[in-house]
Amino acid sequence: MFKFFLIKLAQLVPTFIGVTIVAFAFIRLLPGDPILLMAGERGISAERYAQLESQMGFDRSLVVQYLDFLKGLLHGDLGNSLVTHAPVMDEFMSRFPATLELSLFALAFAVIIGLPAGVLAAVKRGKTLDHTIMGVSLTGYSMPIFWWGLLLIMLFSSTLGWTPVSGRISYMYFIEPVTGFMTIDSLIAGDWGAFLSALHYLILPSIVLGTIPLAVIARQTRSSMLEVLGEDYVRTARAKGLSNFRVIMVHTLRNALISVVTVIGLQVGLLLAGAILTETIFSWPGIGKWMIDAISRRDYPSVQGGLVLIAFIVMIVNLLVDLAYGVINPRIRH
Amino acid sequence: MALLDIEGLSVRFKTSSGLFAAVEGVDINVDRGEVWSIVGESGSGKSVSMLATMGLLPWTAQVTADKMAFDGQDLQQLSSRQRRRIVGGEMSMIFQEPMSSLNPCFTVGTQIDEMIKQHLGGTRRERHERALDLLAQVGIPDPARRIKAYPHQMSGGMSQRVMIAMAISCNPRLLIADEPTTALDVTIQAQILELLLRLQEDTGMALILITHDMGVVAETAKHVVVQYAGRQVEKQDVKSLFANPRHPYTEALLSALPERAGDQDRLPTIPGVVPGQHDRPSGCLFNPRCRYATEHCREVEPVPAAGDPARTLCHYPLEDGISPSPAAAGVARDNPQSSPHREVRP
């Protein structure tokens with residue numbers, strides 16, 4: 001198992017190098033210039049421009065700049081933001097918990113609803129319930145996030161007044177950040193009111209962000225379950241006189257989970273991408289909103305650093321998914 | 001009272017082009033400790049009729065029977081909970097593909113234990129001991145190590161032994177073996193058959209062996225049901241079946257045995273294949289492949305003659321290897337069954 005882990009880890013190295021190249025090149029391929037953007041409408045003299053350019057290191061060749069970026073990366077240094085001059089790593093880490101908290105709640109929402117829905121649809125294959133579940137999930141999958149988010153805000157926040165429109169917690173509470181997770185920090189502070197408020201603020205963004213993963217998980221679970229239900233060993237399980245529940249939840253689901261876990265892992269990348277839109281809609285102070293701001297200001301270090309970190313997280317999640325296969329399926333472990 | 005008493009069993013599958021009768025009019029009455037065999041080519045509905053008995057068919061199947069009783073209990077009337085107590089416990093089944101019949105996610109021990117827990121109960125320790133005993137009983141070397149193995153770590157023969165251990169774990173009174181050796185090497189086939197017969201003798205359970213191999217039938221069964229295209233065409237005890245096949249299909253199956261082909265250069269075969277859903281002929285289902293078929297056979301569906309103990313589904317049942325059919329005169333000359341070579345006998 002440990003060897004398996006090391007092999008998987010080694011396979012990540014070339015991927016990671018590729019990611020750094022893409023992240024480095026991507027922001028520089030965009031039209032626009034950070035110095036001109038900083039100068040604004042008044043413009044800037046050629047001497048001052050050259051001075052700033054050399055100060056920021058943009059006068060060097062791209063290869064040298066890239067190698068410099070790599071060197072910093074190996075030391076855990078992603079450079080400083082051109083706008084705030086704070087280290088990119090600090091900027092990222094201070095916002096990342098908000099995104100992670102939102103993503104985890106969205107994923108939990110997607111799995112808790114999507115998995116049983118998929119199992120139910122497979123068991124009731126061809127019946128009304130199956131068609132209903134699959135129809136609803138197709139609708140969810142096809143819905144643009146920003147539109148869906150606005151619809152929910154209009155219904156639940158504006159019209160019904162059940163949920164807050166934006167933010168992470170009510171202004172009535174101030175919670176000292178320890179982990180950066182509002183829910184955990186409020187529990188650490190022992191403030192139940194704040195905890196409930198944090199949950200309250202999480203509901204709508206989690207639903208919006210979790211809708212597409214939910215649909216994907218439900219559909220994948222259904223098709224995977226249907227495939228496994230036709231396997232010989234499921235017939236064996238029935239021939240043993242086991243209850244229907246046990247046949248489905250133990251013998252079928254366990255095998256069906258292998259492909260579902262893959263899809264759940266892939267959703268993490270999607271969640272971080274989706275978080276950019278969701279965070280913008282709900283003014284959620286996470287990395288999504290931060291990245292959008294950084295891109296519009298052509299803040300090269302922030303964008304390339306942010307991209308590399310997000311890619312790194314996605315890669316780690318996929319590594320965990322690979323390890324999860326081994327736990328679920330003994331054929332992969334050995 | 002028979003242990004398994006089935007009369008007029010029919011299975012129809014819902015398909016896009018209407019109902020397809022996969023099995024029709026099958027009768028089986030197995031007494032305690034008897035060994036039965038169901039023979040027929042692929043597509044004869046052998047497995048389907050037994051899966052129907054076990055209640056293992058998919059939801060698209062409609063199972064009907066005039067009578068379907070196990071040890072006096074009407075299987076059709078039982079609730080699914082009551083039926084599950086019989087299935088696996090008193091009546092168990094092993095399948096054709098041992099490698100895919102075991103769940104790849106669980107160890108052999110877990111899968112046997114699950115069955116014992118379901119029907120016999122007992123403490124974890126007792127169940128573990130019993131599983132070890134069973135593995136030894138089916139001839140698995142080093143049971144203490146094998147019990148922790150996953151299915152993919154075992155060969156097909158080993159997997160089938162595990163399936164057998166699992167199937168007999170709750171002392172069933174009836175074991176149904178659905179072509180248990182088809183997927184295995186020839187050398188292993190004989191071992192598995194021997195094992196099944198030894199276990200049958202030791203425990204006194206009844207055994208139904210589904211096969212397409214007449215050689216296997218000769219070696220094992222006491223009673224034989226011959227099925228063709230979902231119909232039961234003949235039912236006899238094995239001695240009289242081999243000596244006096246009543247249905248032309250049985251005769252043709254027997255003549256395809258190398259041992260009975262005698263000194264002919266070529267082994268006789270049955271031309272054509274079992275008709276499927278869309279190409280079922282009118283009249284007798286076997287008529288396109290039957291050497292004795294007449295115009296009457298092509299038009300009228302046969303019914304078993306009253307007073308025929310073999311319940312032969314034929315207009316012209318064979319008498320001592322000779323067909324009374326008017327079409328028989330032309331083929332009598334090269335009829336291999338009329339030759340004196342009959343080495344294969346039960």
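Just so it is clear, glycine is given a Cβ too, placed from its N, Cα and C backbone atoms.
Under the heading domain 'ABC transmembrane type-1', TrEMBL lists A:96-321. Among the features that TrEMBL reports, transmembrane segment is placed at A:12-30, A:102-123, A:144-163, A:192-217, A:256-277, A:307-328.
The largest share of C-beta pairs under 8 angstroms with the transmembrane segment (A:307-328) comes from A:12-30, of the ranges A:12-30, A:102-123, A:144-163. With Cβ pairs under 8 Å as the measure, the transmembrane segment (A:192-217) is packed most heavily against A:102-123, out of A:12-30, A:102-123, A:256-277. Long-range contacts of the transmembrane segment (A:102-123) within the same chain, counting only residues at least 6 positions beyond its ends with a Cβ under 8 Å from a Cβ of the stretch, are 129-130, 133-134, 137, 202, 205-211, 213-226, 229, 248-249, 253, 260, 264, 267-268, 271-272, 274-275, 278-279, 284, 286.
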